[in-house]
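What TrEMBL says about this protein:
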- 37-59: transmembrane segment (TRANSMEM)
- 79-103: transmembrane segment (TRANSMEM)
- 115-137: transmembrane segment (TRANSMEM)
- Cys177-Cys195: disulfide bond (DISULFID)
- 258-279: transmembrane segment (TRANSMEM)
Amino acid sequence: MSNYRHHSGGGYCGIEIRDMHPRISQNFTYVSSCVKYMIFMLNFIFWLFSGLLLGIGLYAFMDKWESTGWVRLETVYDVILNISLVMMIAGIVIFVVSFAGCLGALRENTCLLKFYSMCLLLFFLLEMAIAIMGFVFPQNMNSFLEDKFTDKIIHSYRDDPDLQNFIDFAQKEFKCCGLSNVGYQDWSKNEYFNCSSPSVEKCGVPYSCCINATDISSGLVNIMCGYGVQEHSVAAASKRIWTSGCIEIVRVWAERNLYAIAGIALGIALIQLFVIYLAKTLEGQIELQKSRWSA
């Protein structure tokens, strides 16, 4: 749009044309500082968290190595059930992805931002797949976990201190014993609790299966409270220990708290989608700024 003005007099007569479009300042940038530093701060927090996770996992792994002298990593199940190793792997993955997000936003690097948003999208799709399998096909998920992990977890109970502590914690918190639908009888698959074992724990279960493992008067834990219960019927054993398997108990707990779990999962999914949106927005702004420079 132009503004026309006549000039006359003084021997000069003409028209002045003024351009009404404001010129873009040389300091103008399409890149939003708000979006840029929001991505940076979010990823910086996760970067610090990943360092903490990696440090704890490494410390636990080295402590286990020094105490046992070996770590079994023969199959993929050995890796999955090794909690310290899982923490280290998760820490490394989060460290790399969050570092890419931090550096990509700070340096306005589109390659790093594309890598970052692609990783977040893969995480989102993986989480959605697991959620769908868990909520739409709960029985199939139960069967899969029982078939693939019961024997491995039961066999490794005494071999891995971290796994042992995790199983004891789960059995006490969810008031269950064993994993599969046979419940406390799962412990017959462990070489220490098997009835043919020469150990004093034969035909027993871990103390974490006991209904009253802690003595009220002394406050001490009775680690022998589960000895010999495999020889009893379910009715008799239920007076001393929890008899149901943990997988089924956790499934029932999840169904009772379905709305809370769904709400948390939805919140996490929306946050991930929002961060992906921010990353793609920043990427588009950087490309627009580059096209302005090249014009």
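From the backbone N, Cα and C atoms, a Cβ is placed for every residue, glycine too.
Each of the disulfide-bonded residues Cys177, Cys195 was ranked by the number of other C-beta atoms within 10 Å, and first place falls to Cys177. Non-local neighbours of the transmembrane segment (258-279) in the same chain are 35, 38-39, 42, 101, 104-105, 113, 116-117, 120-121, 123-124, 127-128, 131, 135; each lies 6+ residues outside the stretch with a CB under 8 Å from one of its CB atoms.
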